[in-house]
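What TrEMBL records for 7-385 is domain 'Serine hydroxymethyltransferase-like'. Per TrEMBL, the feature (6S)-5,6,7,8-tetrahydrofolate binding site maps to L120, G124, H125, L126, S354, P355, F356. Look at TrEMBL and you will find H228 tagged as site 'Plays an important role in substrate specificity'. The N6-(pyridoxal phosphate)lysine annotation in TrEMBL covers K229.
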Amino acid sequence: MVRSNHLEETDPAVYAAVQDERRRQEESLGLIASENHVSEAVLEAQGSVLTNKYAEGYPGSRYYGGCEHADTVEQLAIDRAKELFDAEHANVQPHSGTQANMGVYFAMLDPGDRILSLDLTHGGHLSHGHDVNFSGQLYDIEQYGVDPDSGYINYESVAEHATEFDPDLVVSGASAYPREFDYERIHEIASDVDAYHLADIAHVTGLIAAGVHTNPISNADFVTASTHKTIRAGRGGLILTSDEFSEQIDKSIFPGSQGGPLMHNIAGKAVGFQEALTPEFTEYAKQVVANAETLATTFSEHGLSLVSGGTDKHYVLADLRDSHPNVTGSDAEEYLQNVGITVNKNTVPGETRSPFTTSGIRVGTPSLTTRGFTQSEMETVGHAIVDVIEHPEDQDVIEDVSSLVDRLCEEYPIYD
Ligand SMILES: *Cc1c(COP(=O)(O)O)cnc(C)c1O
């Protein structure tokens, strides 16, 4: 349990909210694909005195005095990131995955330049060119999609888009595409039109770090990552690149688009990367995928349609339109919330409802796998999810699933 007597005394309102949040995490089953639980060691690093330090610049070349320990921490984070991803250069300062993407765009593109990326309703990310995001406002965006029948990316069609649109940068990577990207193919497509290739691995950072998924590093000019999804290094972003672009990238982050680095967060990244270098983490990442496969099988057995028919990753994307035409993604999210199961509604390819309603749910396994869940528990959870979606008003079902959730949460605590 994370206790802080100082906080309790100084600010009881914030203390109470933190404790309530801790309880919420402990007492519900979190299946949001982008969330995880960091170790106590990462929490300590993030809650450390490093938050007091200004360290504009990079290790060995700072604009402030007294940076020797900040240098040690940042260099550890950099060295471990390079080792994990076999990269020539790592910038660990981006405050988030979105800032990492911004760093690459600002380094390599001018306003009005062209970006080719995956459509948001097919699983892309806001920072890949959505019109409500800076990326869609500053750049000329063209998007590729998935084949409506197979749910897979059609690389022939990506190549055609590239030939017609002549992009300056092609983005691979997604927030809700359950299959691995063919980075080599995207790299060829980008090279053929003289465009850079940015592989945004935000969701699969941990799977790639563990070697469970293919590392795009040799097939991309830039790799951007988040540090809080499938890898447990606390909230933040990361950019990996070759020596060729290292200076441009570093300048683009500081002073280009950020001020002082969040040294406490960088300490969290260093610790989380160290944890990810262990054999235990490789086992964890394998289990994350095995658990998602079990969810896919369980949902399919109950007749739910899955985008692309299954998953290679840490989540499944269930399209409810065929099996439960009257249940929207937001209905399902709400029914499950009521029994202590947290998922998120998600658009599906060919979406017919608004992004606030949606026809699908994204169900992810990183958090529960951190708690110790294996295939048998995931199967039980998968059955329970379908039961609730099918019988949202049935008091017996609600009570049964609620007590199942209580039992599992007690059996698999997050923090002792
Ligand atoms: C989560 C995500 C990001 C980063 O998100 P932040 O919330 O800004 O850290 C970037 N790209 C993709 C594809 C993502 O899924």
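Glycine is no exception: its Cβ is also placed from the backbone N, Cα and C atoms.
Within 10 Å of the C-beta of P355 ((6S)-5,6,7,8-tetrahydrofolate binding site) there are 13 other C-beta atoms, taking all protein chains into account. For the binding-site residues shown (L120, L126), fewest C-beta neighbours within 10 angstroms: L126. Highlighted here are the binding-site residues (L120, G124, H125, P355, F356) whose C-beta falls below 6 Å from ligand 1: H125, in sequence order. Every protein chain shown contributes to the tally, and the Cβ of S354 ((6S)-5,6,7,8-tetrahydrofolate binding site) ends up with 10 other Cβ atoms within 10 Å. The recorded positions H125, H228 differ in how many other CB atoms lie within 10 Å of their CB, and the one with the most is H228. Mapped onto three states, the DSSP output places H228 (site 'Plays an important role in substrate specificity') in coil. Looking at S354 ((6S)-5,6,7,8-tetrahydrofolate binding site) and H228 (site 'Plays an important role in substrate specificity'), their Cα atoms lie 28 Å from each other. Per the record's binding annotation for (6S)-5,6,7,8-tetrahydrofolate, residues L120, G124, H125, L126, S354, P355, F356 show a top Cα-Cα distance of 16 Å.
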